Amino acid sequence: MAPARENVSLFFKLYCLTVMTLVAAAYTVALRYTRTTAEELYFSTTAVCITEVIKLLISVGLLAKETGSLGRFKASLSENVLGSPKELAKLSVPSLVYAVQNNMAFLALSNLDAAVYQVTYQLKIPCTALCTVLMLNRTLSKLQWISVFMLCGGVTLVQWKPAQATKVVVAQNPLLGFGAIAIAVLCSGFAGVYFEKVLKSSDTSLWVRNIQMYLSGIVVTLAGTYLSDGAEIQEKGFFYGYTYYVWFVIFLASVGGLYTSVVVKYTDNIMKGFSAAAAIVLSTIASVLLFGLQITLSFALGALLVCVSIYLYGLPRQDTTSIQQEATSKERIIGV
């Protein structure tokens, strides 16, 4: 088994952060498209459930590759999954919260404009920072707190757009959307930090932890599926309304979820939030190049704030020990 905090290269960390954020940006756009088209609307709860199944299968395959032999693979599953009901119960907490978060994200995107969703969802950054301080007993400097809130303001400006008429008229409930996004923000902060605490508090394999979480996640999401849409699913079918675009959204959600666990393992949840915000800026720039989107003053200012906030957060914290020792020495000299 790998140690709880393995030393990995900076390139690997940057690679994981980059892939995760690019996938997240594509996921938001694709998800919004599938929820606002005039076609038959699929059940979002079934998509969340299928995503959990795919992530479980991929994690099982990666654990098999990590163990290197069928015997060690079976032993690992027997010891850490089948023979560890307490660990399964421990990992059921984030899976339950993540399931709620995913369903709230679907609900919010169905009732809010994509830009409004992205802006309000950035509140997960200070929420995650607060959970990190409270749950992991870490401290953030004043400069880091400033950078966290500066990032929220920057992303808001980047995505600020005047109200426009959409081609597809969809019935929306903004109040319901904002309520859903508030729950999603709280779930994101708590579940992410809780999972980080579990990952880094033992030497258990990342893929074992994922399997433990996704097993309970499948049970939770499957139950939620039939509690929410059971009658309609029985009438129309589990895969009602599914298209290639819907399967693409599920694929993006699965890949993004796996990369997120790797990022949490080797960096932290706050860095994950900063990386996601940077991806929003990059995706907007790509829209300028590909689709002729006009750069606005608010975007330029917001992008600058995002870059500055990332730089400020990444600055090494000043070691005050030597300064305090020097001050104490001077006081002693003066006293003499």
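Yeah, the Cβs are placed from backbone N, Cα and C, and that goes for glycine too.
Remember, predicted model here, so these are calculated numbers, not experimental data.
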Per Swiss-Prot, T34 shares membrane side with E235: yes
Same-chain residues at least 6 beyond the ends of the transmembrane segment (10-30) whose Cβ lies under 8 Å from its Cβ atoms: 109, 114, 117-118, 245, 248-249, 252-253, 255-256, 259-260, 262-263, 266-267, 271-272, 275-276, 278-280, 282-283
List of residues, in chain order, with Cβ under 8 A from that of K55 (CMP-N-acetyl-beta-neuraminate binding site) and at least 6 apart: N210, Y214, G217, S254, G257, L258
Listed binding-site residues (L123, M213), ranked by Cβ neighbours within 10 Å, top entry: M213
Candidate with sparsest Cβ neighbourhood (10 Å radius) among T120, N210, the listed binding-site residues: T120
